[in-house]
Amino acid sequence: MAPSPEGVTVVLGAQWGDEGKGKLVDILAAEADICARCAGGNNAGHTIVVRNDKGEKTSYAFNLLPSGLINPECTAFIGSGVVVHVPSLFNELDTLERKGLKVAGRLFVSDRAHLVMGFHQIVDGLKEVELGGSSIGTTRKGIGPAYSSKASRSGLRVHHLFDPTFPAKFRKLVEGRFKRYGHFEFDTEGEIEMYLAFAERLRPFIVDGPTFMHNAVNSGKRVLVEGANALMLDLDYGTYPFVTSSSTSIGGVVSGLGISPFAIKRVVGVIKAYTTRVGGGPFPTEDLATVGETLQEVGAEYGTVTGRRRRCGWLDLVVMKYSTMINGYTSLNLTKLDVLDGFDEIKVATGYKIDGVEVEGFPADLDRLAKVEVQYATLPGWKTDISNCKTYEEFPENAKAYIKFIEDYLGVKVQYVGVGPGRDQNVIIF
């Protein structure tokens with residue numbers, strides 16, 4: 001199914017990230033006019049593999065740029081809620097163009113997007129060292145410190161690059177970091193010179209962000225929004241403080257792009273058939289024994305950006321119910337179902353108890369969350385290779401039962417099912 005012809009389609013991560021959003025975005029972007037990023041920075045990441053007419057494969061890595069650029073007819077937009085590390089943006093752009101992807105005239109950046117500077121990245125590392133054993137496990141890309149600058153009203157936005165006061169504002173920001181963290185090695189004047197050079201290269205891409213999106217929506221363009229990270233990493237609704245620094249929920253789409261909530265017609269929640277998490281923080285269904293190791297190995301669970309091993313465990317429907325409540329998914333994309341092919345039995349978390357009392361919702365207090373006793377339902381496995389299934393009817397009955405169990409618990413239909421890493425390994429149910 002294509003993006004909504006009468007509004008905006010949003011793809012959001014429903015767990016702790018790494019659900020496989022990029023693959024669905026890639027598929028939907030084939031029929032989109034505009035693909036937009038609304039939040040986050042180059043801390044997100046996924047790889048798309050494209051096969052040409054000769055059967056040759058080309059791999060494209062996306063971190064900051066919207067992956068809709070794969071479609072030569074699609075325009076990409078980086079919204080006001082994104083934080084942009086300009087050197088990384090052009091490095092990614094140059095890499096894509098060296099692989100034959102023509103981007104000229106198809107990429108636009110909001111003038112209101114905040115900038116990630118080199119000192120933000122240094123500070124990111126210093127903060128992690130300072131936290132020691134309580135570190136959050138960031139990607140050290142400077143995302144958090146850039147959002148901190150934004151929240152404290154001292155950050156620099158894209159349009160500031162063309163302001164004569166940019167060098168003075170930049171120096172003031174660096175001096176503030178020196179006062180906080182001590183004098184670290186940083187070439188302030190060299191960084192200013194580099195950014196002023198980048199500014200001229202960036203100029204053709206810059207637009208008035210809210211006006212760009214308003215015109216797109218009002219002219220009937222098919223808009224696809226590519227969410228970054230996931231709901232459980234949201235600054236307000238995730239497992240705070242083990243979260244990212246932006247709004248990764250449906251609310252972040254509205255504020256990050258400057259669009260009306262009434263423009264959004266479809267919200268697809270992407271949910272992995274089991275659960276993974278990178279870095280520190282609560283993970284009620286984490287399995288540190290055989291199950292977790294099997295999921296990690298079979299699912300090749302290593303972070304796209306950091307290369308870190310992902311923590312693994314059974315699907316947590318308590319998390320998913322909470323995620324669904326906040327984001328209001330109109331349908332689901334269940335990914336990596338094939339990873340469960342080898343299990344005799346599959347467990348699914350259906351509730352939490354603390355001291356024998358059922359917990360309503362998802363606890364905000366991490367001390368309470370650490371005490372939960374996870375309640376599981378056990379479903380029979382299917383012990384069949386489903387990686388070649390092309391239709392829902394081809395799935396084993398127990399795989400269908402697993403999908404239905406999820407649908408019944410959440411009250412949302414599964415629309416897409418991923419059965420392998422390939423673009424063509426995606427079953428569309430409706």
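Backbone N, Cα and C atoms are what each Cβ position is placed from, and that goes for glycine too.
Feature annotation from Swiss-Prot assigns active site, proton acceptor to D18.
When secondary structure is read from DSSP and collapsed to three states, H46 (active site, proton donor) falls in the strand class. Per Swiss-Prot, active site, proton donor is recorded for H46.
For K23 (GTP binding site), the same-chain residues that are 6 or more apart in sequence and have a Cβ closer than 8 Å to its Cβ are H46, I48, T335, G418, P421, R423, N426. Summarising the annotation, Swiss-Prot assigns GTP binding site to 17-23, 45-47, R310, 336-338, 418-420.
Positions annotated as IMP binding site by Swiss-Prot, on the basis of sequence analysis: D18, E19, G20, K21, N43, A44, G45, H46, T139, R153, N229, T244, R308.
Swiss-Prot lists D18, G45 with the feature Mg(2+) binding site, giving sequence analysis as the kind of evidence. Here the Cβ of D18 (active site, proton acceptor) has 27 other Cβ atoms within 10 Å, regardless of which shown protein chain they belong to.
Its Cβ taken as reference, R310 (substrate binding site) is surrounded by 21 other Cβ atoms within 10 Å in the chains shown. The substrate binding site annotation in Swiss-Prot covers T304, V305, T306, G307, R308, R309, R310.
The highest number of surrounding Cβ atoms within 10 Å, among the binding-site residues G17, G20, is found at G17. Using a 10 Å Cβ-Cβ cutoff, T47 (GTP binding site) registers 14 neighbours.
Residue pair G45 (IMP binding site) / L337 (GTP binding site) shows a Cα separation of 21 Å.
Note: the CA-CA distance between N43 (IMP binding site) and G20 (GTP binding site) rounds to 15 Å.
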